[in-house]
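Below is one structure; the comments refer to it alone.
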Amino acid sequence: MGVVIDNESKAAIALGALAGALAWIVGYGLTYAASISDLRSNEQYDTLEAATDESLAVEMVGLLYYNAHNVVADVPQYSVLQALEPSHNFVLAEGGSTLALYAIPVLFLMGAGAVVTLYTHSTDESATDAALSGSVIVVGYLPLVVFGTFVFTVDPGNGAMAPDLFLAIGLAGTFYPLVLGALGGVVAHVVSRTPQSGSVSDPNST
């Protein structure tokens with residue numbers, strides 16, 4: 001006999017998928033807004049664009065976004081790509097204010113997990129239930145992470161630089177949304193159970 005999923009569970013999964021997908025999309029958008037100016041003034045970026053003879057803004061921001069998930073870029077060692085490490089992290093290489101990009105996936109995934117939990121989780125349920133509710137965002141996040149590994153590539157001609165596929169799936173697509181979504185769910189659970197300062201006191205209390 002197959003597993004029966006009730007309508008409430010289906011709704012929770014659908015909301016988790018939507019929240020996870022939005023977290024990925026908005027996270028990429030914020031990474032683009034935060035990094036594109038510095039990226040376009042970077043000599044390395046100019047060299048790569050000259051080698052490929054096309055705009056690489058979307059792809060290079062994508063690589064930064066994956067680096068912010070601690071996913072390195074796999075870099076074939078030929079031509080202009082030889083200036084980069086075989087497993088390269090542009091965020092770490094740049095340092096400085098670029099390191100703030102690490103906060104983007106953390107904040108958006110926790111936020112997505114919190115939202116899903118607030119909409120699908122009853123306050124009389126446990127923190128474990130809240131964590132499970134928040135972690136459902138992996139359903140929407142993982143497919144876009146996999147999709148991005150094939151989109152955010154830079155190929156000067158004899159092999160493409162791209163996010164490491166196994167790290168992308170295991171770390172960015174699975175570990176990050178499961179753990180951070182669950183953490184966001186627990187935070188939402190705790191906040192929702194905290195008495196509001198303006199709440200009416202129990203008339204029977206002494």
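Cβ atoms are placed via backbone N, Cα and C, with glycine included.
Taken from TrEMBL, the feature domain 'DUF7978' covers 7-191.
Annotated transmembrane segment per TrEMBL: 12-34 (among others), in sequence order.
Annotation source TrEMBL lists transmembrane segment at 99-119 (among others).
What TrEMBL records for 131-153 (among others) is transmembrane segment. Beyond the ends of the transmembrane segment (131-153), by six or more residues, the same chain brings 12-13, 15-25, 28, 58-59, 61-63, 65-66, 109, 112-114, 116-117, 120-121, 160-163, 165, 168-169, 172-174, 176-179, 181-186, 188 to within a C-beta distance below 8 angstroms of the stretch.
Tertiary proximity for the transmembrane segment (165-191) is limited to same-chain residues at least six positions away from its ends with a CB under 8 Å from its CB atoms, namely 16, 20, 23, 66, 69-72, 74, 105-106, 109-118, 121, 123, 125, 127, 129-138, 141-142, 145-146, 148-149. Annotated transmembrane segment per TrEMBL: 165-191 (among others), in sequence order.
Within its own chain, the transmembrane segment (99-119) has Cβ neighbours under 8 Å at 12, 15-16, 19-20, 22-23, 26-27, 30-31, 34-35, 64-65, 67-69, 91-92, 130, 133-137, 141, 172, 176-177, 180-185, 187-189, 192, counting only residues six or more beyond its boundaries.
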